[in-house]
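In TrEMBL this protein carries:
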TRANSMEM  44-65  transmembrane segment
TRANSMEM  113-133  transmembrane segment
TRANSMEM  145-169  transmembrane segment
TRANSMEM  236-259  transmembrane segment
TRANSMEM  291-317  transmembrane segment
TRANSMEM  323-341  transmembrane segment
TRANSMEM  353-371  transmembrane segment
TRANSMEM  377-398  transmembrane segment
TRANSMEM  419-442  transmembrane segment
TRANSMEM  462-483  transmembrane segment
Amino acid sequence: MARGEGAEPYAATLLSVKPITLNKDIKRPKPNVRRNRLSVCSKICYAIGGAPYQITGSALGFFLQIYLLDVAQLDPFYASVILFVGRAWDAITDPTVGFLVSRSRWTRVGHMMPWILFSTPFAVLTYFLIWYVPPFEQGKVMWYLIFYCLFQSMQTCFHVPYSALTMFISNDQKERDSATAYRMMVEVLGTVLGTAIQGQIVGGTSDCLNEPGVSDSRNISTINASSVALEDTKHAYLIASGVISIIYILCATVLFLGVKEQKESGRKNSDPLTFLQGLWLVMSHGPYIKLVIGFLFTSLAFMLLEGNFALFITYSLGHRKHFQNILLVIMLSGTLTTPFWQWFLSRFGKKTAVYFGITWAVPFMILIVCIESNLIISYLVAVAAGVSVAAAFLLPWSMLPDAVDDFKVKNPDIHGHEALFYSFYVFFIKFASGISLGISTLSMKFAGYVTGNCTQPKTVSFTLNVLVSPVPVCLIAVGLLILKTYPIDEERRQGNQKLLQQILDSETDSDSETSALGSSV
């Protein structure tokens, strides 16, 4: 879209729906608009609320697959079923919770906060039980399936309202973008924290004792040592989950105490929608669909990389004792480069940041599987890959509010359904990632993965190479081609902001006049 195109058609659409005069006579924002400015403390408290989702997500994303295979010692087929059903269930709960949130009433603590507050203790309990190996074999699969699904449900009740909270902390897009940058910084830091806690606690017990070639005279002692090591690893996973659970509670408390929702003045929610009406409302907005589908493919690439990277480092590269450190380097690199991407998107625009940020990882995805395994090169590739991880975290959540604002410009009489847009976005991402992770884990079975072994067949190494390089690269290419058609550029985004401010000022003036007339009568 050329510069100067985009804002004018929507101005005409807006005028046809609501009689607003777009000329010099329109009143400028009043000084009291400054109350929408957020303090640094509020932004930090809001950002901290995003940490639990990323801490638990990184721990589950990087370690659940290898935990189910090597610690719980489940067959790869059952592990793939747990991962797929859990992600699919998680995906289904997102639009359901979004629908329920959009119909819930405003309370004295806000619209979104009650959901966040009451879901926290149940999320913490179910998360802890995921990392507990039950003392029975029959029903072990159902144990993990039930608690994984329950945790995903409780996490959804936390994260969907938290994501929609972006629209309720300020009416100023710049303030929302700034708060989103704080949030992305903390969330990437959360992935570092989750990876560090889980990796460093569990990594100390990851030595492999059942190497092939052990003599018969040492067989019994080796088996006993392996059994002790396995028990130590189980305890390490429990300790790590306990630490993460405590952090989860602390972050939720800071969010609740430090952030105040702002109810939109002069605007009431439109009539409640049925689920199908809400689905149609979201699916009928073209820019939103293009944004979601584009990031669906790019997010799948990074999720596929995340889900298989621990196995790839361990069995393809042979860095068993260093895998947790390599993962930590990726997350640290992402954390340190998040401010750079926030500056970059502010300076050059969000679409340009998408192209540069996401494609940065492609050469390194190819390099890591083309060269002979080398520890130093693996760390260098981890640093470079973290740069793209930061962009992949920041950009979707920075661009979603723009799509929601564009919807508001086109539909000025429809209010209070922001949670639907966020929940359906998360739905598509999680459902697709569940399919990809389930298929990738199932492919381990077909490749001949042997549960509990320190070495795997060459077919497993080849399969892991495919899952962390060619497949993600193709997904990124498709996603970027779709995002090229995304119509909201900087010109249109700024035009939408001006129109929304005029709508807000017009409604505020109308409410003031009504109040004045009521007082005079």
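Every residue, even glycine, has its Cβ placed from backbone N, Cα and C.
Counting Cβ pairs under 8 Å to the transmembrane segment (353-371), the top-ranked stretch among 145-169, 236-259, 323-341, 377-398, 419-442 is 377-398. Counting Cβ pairs under 8 Å to the transmembrane segment (462-483), the stretch among 44-65, 113-133, 145-169, 291-317 with the most such contacts is 291-317. By number of Cβ pairs under 8 Å, the transmembrane segment (291-317) is matched best by 44-65 from the list 44-65, 113-133, 145-169, 236-259. Ranked by the number of CB pairs under 8 Å to the transmembrane segment (113-133), the listed stretches 44-65, 145-169, 323-341 are led by 145-169. Within the same chain, residues 38, 79, 83, 116, 123, 127, 130, 151, 155, 158-159, 162, 165, 169, 179, 182-195, 197-199, 202, 240-241, 244, 247-248, 251-252, 254-255, 257-259, 303, 306-311, 327, 331, 437, 441 sit at least 6 positions outside the transmembrane segment (44-65) and bring their C-beta atoms closer than 8 Å to a C-beta of that stretch.
Counting same-chain residues at least six beyond the ends of the transmembrane segment (323-341), those with a Cβ under 8 angstroms from any Cβ of the stretch are 58, 62, 181, 184-185, 188-189, 191-192, 195-196, 198-200, 202-203, 206, 309-310, 313-314, 353, 357, 378-379, 382-387, 389-391, 393-395. Among residues of the same chain six or more beyond the transmembrane segment (145-169), those with a C-beta under 8 A of the stretch's C-beta atoms are 38, 42, 46, 49-50, 52-53, 56, 81-82, 85-87, 89-90, 93-94, 97-98, 101, 110-113, 115-116, 118-120, 122-123, 126-127, 129-130, 175-176, 179-180, 183, 252, 255, 259, 261-264, 397, 400-401, 404, 418-419, 422-423, 426.
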